[in-house]
Amino acid sequence: MEKSKRQLVIRLYILIFSILAFLEAVFRLSIMGSLKLENFFRIFLFMNAYALILVFLIRLLPRKIVRYFSFILILCIVFFYFTQDLYYRVLSGFFSFSVIGDAHAGFAFLGKVFTNITWVHILYLVPVAIAVIYFRKYKSPYMPKQFLSYVSSKDLIFSILLTVSVFFVSVYTIPKTNSIITDSPYAYSSYDLYVENPSAFQTINKFGVLTYLQRDIVTTFNENDDIESIDEMISSYLDDRVEHQDNAYTGYFEGKNLILIMAESFDTYAIDPSLTPNIYEMQEHSWNFTQYYSPLYFRNTADTEFMSQTGLYAHKSVNLTMETFRENKFPNTLPGIFNDKGYGSYSFHNYTDYFYPRSEFHPNTLGYDEYYGAVALGMLEEQTGVVIHHDWQSDLDLANKTMDILKDKQEPFFTYMLTVSGHLPYNDNHPIGEKNINLIRQIFIDEGREMPIDDILYYHAANYELDLAVGALIDRLEEENMADDTVIMLYGDHYAYGLNQDDISDYDDTKDMDHLLSIQRVPMMIYHPDLVKEDKDEVFASIDIMPTIANLFNLDINYRQVFGKDIFSNQMRSVLFSNGSILTEDFLYNLEKDEITLFNDDYSLEEANLIINEYIYRIKINQWILEVDYFNEEDLEE
């Protein structure tokens, strides 16, 4: 009996370990394209630890449910690997445990998910088949009552000691020093990266998918106990930051109105003299930023909006930054700093609060004087329940409704418009795309151009509505004699991830697809009728929008309290991508390839590594600022 029991326990351990190892291998082949062995030892140890933990838990269960629980557990693990795989293919990142509560929003991306399923994903069914065969063989009626459960305290203690020992060996043999950087407070070791989990891709690459889940759960529920110490570290970091200096662009547009347009999925290849004639003409009187990036962060549009409005990074370990921290104090928001200058501030959006609570966040947290969503504008009713097919609204209608309100407002004003016509899916289920598709097809036919695939045609059809909106906006400004006093800033919230990346690569030859970070470069332009077209190549990111606007309009902000930079200043310009990769004018750090490419011969790898590690600490400070509500005046006084 004891021998048979040991054999069954060992077989269960081998089964679970083999399934975990197989899933890890399939995941790496699917996402990383290879089975690199550089982190094999560490991942092997963690796989052993997790297999032992699962066996330990299973052995605590009653005989009647052990098979069912074990099978469901394996299904959950397989599902986690599978969904992380698909999530990465759709959004170029990995989801956090914290966003599971908002999973219903993912129904809007179902079509995109299905198009990303490949033959590799069939392999995820192999562990399920093995588990079915195994648990059919060992049916509970044929197991003696004590066949898996612990029969003595010695047996239990041995299992605990073995499991804990393997896990501790896995953790405490992780290197605790940085071999490249030594004399710096930002010298992060592999152990520091394990503990703090700054990058999902990095954690998965070094320690495995289940370790990422483990660290994600721990960091999500980890509470800050020593608030006073955290406040001191935040203050010390902010005080040491370089102060902003006035430059040639300070006050360039002082006193003028600003209309800031964040356009849904507005990408580089959307701009075309025939397909978007108004935006193309707009570029002739714009500063065009050729190195502008809207990195795809954890909650896509909402996070780009949060960063561009506050100059702070979104929090990676909460469901939604704008909702979780809506009671926080933010002293440097775009509407707030314009309000302080005597402007009226107004926000417009042609969709509901189904995805994000803008009707609360915009006026109450950011400080807009008035917010007009699709409900207030009479375009839609507020939605309830799970919505699969969304009725995306017209950007042209949004522009006209915006001007109907603005023409009666006192100047100067700051207006933010968030468009939605360009949202996925790019097919005949898109109401705006379907409205314009015949026109787009006819343009390709009339000009004798090669007809792209339907997805791209519908993408152009959706963005044609944005072009109509821009044209109407400029015309209405001229009619109301506002054009000379109004600046328009137009940028994409993120790249069009609703299209296949290979299709984008084939269609758009302006992006360097040797590294997938380039795909996140999107249009950004600042328009005024008196401007002469000028291409500017400063590295520019969405988090830099607020401080850059503050400088251009000579608005009062504390530049040390924001993590974006005025891109016309002499400070280092950079882009931090959601996976931890970094682009500056001196180097590119591609975290997924673990490569640093230097653009400046006078720049060293050690200097680049110092910047990379400083960014890890910067994000930590940023998260603390949000978590402890650092800028709350009462807390600061205390």
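Using the three backbone atoms N, Cα and C, a Cβ is placed for every residue, glycine included.
Marked as domain 'Sulfatase N-terminal' by TrEMBL: 256-554.
A coil conformation is recorded for His494 (Mn(2+) binding site) in the three-state DSSP classification, outside any helix or strand. Residues or ranges marked as Mn(2+) binding site in TrEMBL: Glu264, Thr301, Asp493, His494.
Feature annotation from TrEMBL assigns active site to Thr301. Just so you know, the Cβ of Thr301 (Mn(2+) binding site) picks up 20 other Cβ atoms within 10 Å once every protein chain is counted.
Here TrEMBL flags His423 as substrate binding site. Same-chain residues at least 6 positions away in sequence with a Cβ under 8 Å from that of His423 (substrate binding site) are, in sequence order, Glu264, Ser265, His390, Trp392, His430, Ala462, Gly498. Under DSSP, His423 (substrate binding site) is assigned to coil, being neither helix nor strand in the three-state scheme.
Other than Glu264, Thr301, Asp493, His494, the residues of this chain whose Cβ falls within 8 Å of the Cβ centroid of the Mn(2+) site are, in sequence order, Met262, Ala263, Ser265, Phe266, Ser294, Asn300, Thr304, Gly492. Cβ neighbours within 10 Å of Glu264 (Mn(2+) binding site), excluding its own Cβ and spanning all shown chains: 25. Thr301 (Mn(2+) binding site) falls within a helix when secondary structure is assigned with DSSP.
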